[in-house]
Amino acid sequence: MALLRALLGLLACTPRPSAAYFGLTGNEALTILPLTSEMEEAAVKAHYKVCDRLKLEKKQRRMCRRDPGGAETLMEAISMSALECQYQFRFERWNCTLEGRYRASLLKRGFKETAFLYAISSAGLTHAMAKACSAGRMERCTCDEAPDLENREAWQWGGCGDNLKYSNKFVKEFLGRKPNKDLRARVDFHNNLVGMKVIKAGVETTCKCHGVSGSCTVRTCWRQLSPFHEIGKQLKQKYETSLKVGSTTNEATGEGDISPPKKSIPGHSDQIPRTTDLVYIDDSPSFCLMSRYSPGTSGRKCYKDKNCDSICCGRGHNTQSRVVTRPCQCQVRWCCYVECKQCTQREEVYTCKD
C-alpha cells in the first residue's frame, strides 16, 4: 500500500532546538516498528532499542525508556496520527504527504497544514497514552481512578476509564514547556495544546446498569475518550477555520503573545485567536504543482462530481475505463457465513492531467 510505504520510509529532519517535537512533527522516522520475537524474549532491552530508533530528544528518550510500554505507545501514536491525517485530507490538494523531503520542508514553515500536523500529533499521543493506561500496557499508570461525577453515591465506579489525567501530564512534559519569545515556537506549542484540548472535550461517561429486570438500581460507570476518527474530524474543521497570527508583547509580563497580524490582510480575519483555534503564520502554497512541499496533483485520482475541478487546479482530468469484479447479491446462510456472487462491472477512473 502507498500509505504503508510512506510510513516505512525513513525521514531526516533538521533538528530545532526551540522546543520538543514528536510524531508527524518530529525527527524520528515515520516507521511502524513490528513487535518481534526478540522483543518478547528480551522486552526491556528491545524497548530501549525502539526508543533509540525513534529519534527523540534526550528528555523524550528518557521518558520513553522509563516504562516498558512507552515505546509501543509512542509508535501507536505516530501510526494513528499519520493514518488519520491522510484520511482527513484524502480529497484535498495537500493529502498529508508524509514522504521525508516534503514533510521536512513543510515543517520549516508555519502553514495551516503544519498547524494541523502539530495538533494531530499531540492528540494522537494523548489518546494513545490514555488508552494504553486503561488497557494495562503501562506500568506507571492504570485506569482513571478519580471520578468527579455528580451523585457519586448512586454510582459504582467499576469500569476501567481512559486515564486522561496521566496522559495529559505525560504529554505536556514530553512536548516541553511554553516558549517565551520565538513566535514560531509559541505557535507550535499553541497548536499542540489545541490537539490535547480536543481530546479532553471529547471525554464521555459510559454507564452500564445492574439490577433486577434492568431496574438500574446500581450503575457501573467509566470515562471513555471519543474514537480517534472523531478527533481527526474535529481537528480538520479547526484547520478549515484556522487563524493567521503575528506577534505582540504582553506589557504586563514582557512575554510574547500570538495575535492577529498588525496590518489587515484581505481574506484574513482580525479575530483574536482562542485557545481552541488552530493558528498559523505563513500563507500556504497552492500544492497544485510539484514543489519542495508536495509532489503536486498531477496523476492524482479524483471524483468527477466532487473534487476534480479543485484538485486538478483547472488543468482538467483524464478518464479511463476499467472492468472490476466485486462481491454482489450476498446472502447470510445458516449457520454462519455470508455467500456472495462475483459480479463484473465497468467503471470510470478520473486522474488529474499534468
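Every residue gets a Cβ built from N, Cα and C, even glycine.
Of the listed cysteines (Cys209, Cys221), only Cys209 is recorded by Swiss-Prot as the disulfide partner of Cys216. Distance from the CA of Cys85 (disulfide bond) to the CA of Cys312 (disulfide bond) is 21 Å. With respect to Cys313 (disulfide bond), the closest of these disulfide-bonded residues in Cα terms is Cys302, chosen from Cys85, Cys133, Cys216, Cys302, Cys328. Ranking the disulfide-bonded residues Cys160, Cys288, Cys343, Cys352 by how many Cβ atoms sit within 10 Å of each one's Cβ puts Cys352 at the top. Under the DSSP three-state reduction, Cys133 (disulfide bond) is assigned to helix. Using Cα positions, the member of the disulfide-bonded residues Cys133, Cys328, Cys352 nearest to Cys308 (disulfide bond) is identified as Cys352.
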